[in-house]
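**Q** As annotated in TrEMBL:
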{"type": "TRANSMEM", "residues": "A:12-34", "note": "transmembrane segment"}
{"type": "TRANSMEM", "residues": "A:71-93", "note": "transmembrane segment"}
{"type": "TRANSMEM", "residues": "A:105-123", "note": "transmembrane segment"}
{"type": "TRANSMEM", "residues": "A:143-165", "note": "transmembrane segment"}
{"type": "TRANSMEM", "residues": "A:177-197", "note": "transmembrane segment"}
{"type": "TRANSMEM", "residues": "A:230-249", "note": "transmembrane segment"}
{"type": "TRANSMEM", "residues": "A:255-273", "note": "transmembrane segment"}
{"type": "TRANSMEM", "residues": "A:285-310", "note": "transmembrane segment"}
Amino acid sequence: MTGALTQVPAGWVPLAAVLLLALAALGATVDGALAARAQGRHWGSGLGLPMAETARLLRQRRRRTVAADRPLWLIGTGGLLVVALLMVVVVPLGRWTLSDLPVGVVWFNAMDVVVWALVWLAGWGPNSAHSLVGGYRFLAQALAYELPLMFAITAPAVAAGSLAVGDVVAAQEGLWFAVWMPVAFLVFCGAVLAFSVRAPFSAPAGADLAGGVLADSSGIDRWLLLAGRWALMAAGSAFAVAVFLGGGHGPLLPAWLWSLVKTGALLAVLVWVRRRLPTVRPDRLLPFGWVVVLPLVLLQLLVVAVVVVVGGS
Amino acid sequence: MVDDIVFWGLAVVSVASGVAVFRVDSMARATYALAVSFVTVGLVLLLFGLDYLGIVVVLMMVMEMAIMAIYMIMFMGMNPALMPMSMVHGKRTAVTVAGLTFAVLAAGILLVDWPERRGAPAADLTLSLGHAVMGSKMLVMITVSAVLFATIVSALVLALPRGRYDTDGADDGDRASGEAPS
């Protein structure tokens, strides 16, 4: 337990869930506005898109497929939102945190690995070729992004000398880690796009597969998958703010507001980026991930380690 | 008290999902039942105060099972794993070996003269466990893990110079007409 943060009782979990959903809705709203503008309409006309889509899906009938693996399908579908919430358990909001685990960084990493299982299960469940291929694609991509992600979040932990997210935030008092470890920060942002299945990592849900893992979902199932993706993106942004963008540090505003403002801003940037990038084939992402990104992020880690050793002595 | 309830809850789930591995009729269910079993074991480690090890077990096991599910389904060639199938074979041998192993381990637990606790637990259990297991060989172990990993990667690179999907881009034209969507 670190001194800098106040651990709030478990009764605050619902508030964290509401904040996470609100951020997810913000991401979807920004996306709707950008989509409207891309279609040549006024951006304001896209603001209602997430709500309209929610209303439509909640009224839609559930589609069933022949010989579906119902339990595994439900776990994959409902699990994404749960995992996103479990991710933000270790992310501080200003001075408060739900749990300042001594190994919070590893916890976040473990939760993003659970996404591997969930997306594949969502693809396996409906007993449909398109969605199963989507699930396979996600795991193929996971092999490309997971190691760079791990080394990217190792860098701030090395710099802070602790795996507790609270210590990592405290270590950024003067200078944000994003400033002096930009490669790790960018790689982590890419990984957030990857585990929320967004372009350039959107092949598992690609249009060439009739929606891939989303192909056979409908009604509330589809809503859970879509909302889960947005929530994962929001949770990833919140974690990036904590470990790279100084968490609640900032002038004038209270710390909790800084956390929210930065998370919202990073989320909006990620939404914008994902609309600007094409979907890349998973077999193209793998060599890029292993030959280009992994060595880069390892070099970044080396630089950070050298700075810590030289600066510490 | 709470610890006891959590422990027994996790233990029951762990054993039950371990049993489920052999009772279900689908590769996917068997694999993920095994994953649940491992995850609960990882969570039990948290009760020992081994935060890092417990969470790393969860991380590694979920990752491993996610990949294993693919291989299980891919290589189950004769009996397509997309269809319902039995998860057991060589029943008699397996039951005998499992029974004997259980008996030996259980007898070990009961018969070993467990030492009394001396002193208090260390402040950082993961650190002291690492020292206890590896001791002065720490540097060797750290180096060996990197060397092993590099060996695996380079062996793969040597075995598959071009890989299943040729990625130098030279034959994109052929492939676009054939298999991969662009």
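Glycine residues also receive a Cβ, built from the backbone N, Cα and C atoms like all the rest.
Automatic prediction, not curation, is the source of TrEMBL annotations.
Note that the structure is predicted; figures quoted are calculated from it, not measured.
What's the neighbourhood like for each of these?
**A** Residues 43-44, 46-50, 53, 84-85, 88-89, 93, 96, 98, 226-227, 230-231, 233-235, 237-238, 260, 263-264, 267-268, 270-272, 275 of the same chain lie 6+ residues outside the transmembrane segment (A:12-34) yet bring a C-beta within less than 8 angstroms of a C-beta in it.
If one looks beyond the transmembrane segment (A:71-93) by at least 6 residues along the same chain, the residues whose Cβ comes under 8 Å of a Cβ in the stretch are 5, 13, 16-17, 19-20, 24, 99-101, 104-105, 107-108, 111-112, 114-115, 117-126, 165-166, 169, 217, 221, 224-225, 227-229, 231-232, 234-236, 238-239, 241-242, 247-248, 256, 259-260.
Residues 72-73, 75-77, 79-80, 83, 86-87, 89-91, 131-136, 138-139, 142, 146, 149-150, 153-154, 156-157, 163-165, 168, 191, 195, 197, 204, 212-213, 217, 225, 232, 236, 239, 243 of the same chain lie 6 or more positions beyond the ends of the transmembrane segment (A:105-123) yet place their CB under 8 Å from a CB of it.
Nonlocal intrachain contacts for the transmembrane segment (A:143-165), taken as residues 6+ away from its ends with a CB within less than 8 angstroms of a stretch CB, comprise 2, 90-92, 97, 100-106, 108-109, 112-113, 116, 171-172, 177, 181, 183-185, 187-188, 190-191, 194-195, 201, 239, 242-244, 282, 285-286, 288-290, 293-294, 297-298, 300-301, 304-305, 307-308.
Only residues 6 or more beyond the boundaries of the transmembrane segment (A:230-249), in the same chain, are considered here, and those with a CB under 8 A from a CB of the stretch are 20-21, 23-28, 80-81, 83-85, 87-88, 90-95, 105, 108, 112, 115, 153, 156-157, 165, 168-169, 172-173, 176-178, 181, 184-185, 188-189, 191-193, 195-196, 198, 255-256, 258-259, 262-263, 266-267, 270-271.
If you look at the transmembrane segment (A:255-273), the same-chain residues 6 or more away from its ends with a CB under 8 A from one of its CBs are 19, 23, 26-27, 30-31, 34, 92-96, 189, 192-193, 198, 233-234, 237-238, 240-242, 245-249.
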